[in-house]
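As structure tokens, the structure follows; a few thoughts come after it.
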Amino acid sequence: MSEKELIESGDMKIGWVRNHMPVLSIIRENFERDQPLKGHKVAMALHVEAKTAALVETLAIGGAEVAITGCNPLSTQDDVSAALNTRDNIECYAKYDCCGDEYYEAIDKVLDMKPDITIDDGADLIFKLHTERQDMIPEILGGCEETTTGIHRLKAMDKDGALKMPVIAVNDAMTKFLFDNRYGTGQSSWDGIMRTTNLLVAGKTVVIGGYGWCGRGAAMRASGLGADVIVTEVDAIRALEARMDGHRVMAMTEAAKYGDIFVTTTGNVDVLTRKHFEVMKDGTILANSGHFNVEINLEELTAMADTIKIVRNNIKEYNVGGRKINVLADGRLVNLAAGDGHPAEVMDMSFANQALCVKHIAENKLEAGVHPVPRDLDMYVAELKLKSMGIEIDELESHQTEYMEGWECGT
Ligand SMILES: NC(=O)c1ccc[n+]([C@@H]2O[C@H](COP(=O)([O-])OP(=O)(O)OC[C@H]3O[C@@H](n4cnc5c(N)ncnc54)[C@H](O)[C@@H]3O)[C@@H](O)[C@H]2O)c1
Ligand SMILES: N[C@@H](CCSC[C@H]1O[C@@H](n2cnc3c(=O)[nH]cnc32)[C@H](O)[C@@H]1O)C(=O)O
């Protein structure tokens, strides 16, 4: 594609999702009017695709100067990146399938703008700031973190006294994880798997690694598509919940023998390793929808394989003693590296939280540490979303509030 065609294609994608992100659109209108980010510089490392572009535009329209790069080498869409680079006050450095060095160079370029606010998905910017670019930290008012594992990383830093700036845990907003991690990952993981393999899910045995918010969504949608679902867990309560939701539950060493399709959603390392690959069926499909490329141990699979070949776009076939094990998207997030990511209506809420939290950081002096999304912002996003869906709900009457708050007439 020529540069002009790339830009046109990116613009078209951004235009489409913008029309399906009503909450972010309202925030965008308010930002345009009030200019809450005037004079601020926002550095971002997020999946560079159309919904993210709608967030970037919102921040720039609100007065910020924005520099962005990717947070995963395989999730960048070059047409969206090209379109973003045509906008005023926006620089985008993300490139699809860049090598490790290029990936980290782009993070440096984003930080070169000397931001006072950061937005991360996986904490790469904040990690770089705390290791190689510590001199910049005093100028930083705060950061936002998009995902579960990023927040684990930041909380671990905080516990060690290593976190030197405030960060808002955007993932932990109710209007984020309840919808993005569950319904978003549930739908987009299967979209990625189905469009990449062109195979049927009905009648297959699907193994979901981890029954957190992402795992619940992926398991629920696999059931809906007609699969027999097995869940693996390390947490007894979540394992029980999976069983009561109607799924089979067993250890991965056992599940490995039965699965046709595996989807890891744990945020942990080594969920699938040599001992699992050894007993898998011929034709097994492996996908990760959790974090980075560490949930499926590809080093061990590579060492076991007699041959490795690309058999379809985004599918690598590892031939292990005559059995074919197919890995999608190099074990990176299947919904983004082999699909278009979450649906726009879901990212509408996630990114409304991001935009409001950036404004909150610009307007308040926060202490170093991990902060929750203020409850009123979370509720505001829910209320706007309901309104955009044409849904009205009841309001408590004063005597009902009194009843709920009292103890005298509780029985
Ligand atoms: N693909 C996406 O677009 C997307 C969206 C949201 C979150 N994420 C990422 O997905 C991961 C999970 O997020 P979440 O919000 O569901 O987290 P979560 O904490 O709610 O769930 C993770 C679950 O995995 C379980 N687990 C941990 N180690 C395990 C192991 N070895 N075997 C089996 N189960 C194990 C935990 O007990 C927990 O129940 C995170 O890395 C997050 O950053 C991805
Ligand atoms: N950067 C790491 C961390 C996991 S990304 C998981 C996050 O991606 C976000 N996400 C999912 N789909 C989209 C999308 O289409 N656009 C932008 N972000 C998305 C989602 O909010 C979730 O918290 C990695 O690439 O492995």
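Each Cβ is built from the backbone N, Cα and C atoms, and glycine gets one as well.
Summarising the annotation, TrEMBL assigns substrate binding site to ASP121, GLU146, LYS176, ASP180. According to DSSP, ASP121 (substrate binding site) is assigned to coil rather than to any helix or strand.
DSSP assigns GLY212 (NAD(+) binding site) to coil in the three-state reduction, outside any helix or strand. Sequence-distant contacts of GLY212 (NAD(+) binding site), defined as residues of its own chain at least six apart whose C-beta falls under 8 angstroms from its C-beta, comprise THR148, ASN181, ARG238, THR265, THR266, GLY267. Residues annotated as NAD(+) binding site in TrEMBL: 147-149, ASN181, 210-215, GLU233, ASN268, 289-291, ASN335.
Over the domain 'S-adenosyl-L-homocysteine hydrolase NAD binding' (181-341), the average per-residue pLDDT in this prediction is 98. Residues or ranges marked as domain 'S-adenosyl-L-homocysteine hydrolase NAD binding' in TrEMBL: 181-341.
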Candidate binding-site residues ASP121, GLU146, LYS176, ASP180, pick with smallest Cα gap to CYS214 (NAD(+) binding site): ASP180
Other C-beta atoms that fall within 10 angstroms of the C-beta of THR149 (NAD(+) binding site): 19
Cβ within 8 Å of the mean position of the Cβ atoms of ASP121, GLU146, LYS176, ASP180: remaining residues of the chain near substrate: THR147, VAL170, ASN171, PHE177, ASN181, SER350, ASN353, GLN354
Site extent for substrate, whole Å (max Cα pair distance, ASP121, GLU146, LYS176, ASP180): 13
Among LYS176, GLY210, CYS214, the binding-site residues whose C-beta sits under 6 Å from ligand 2: none
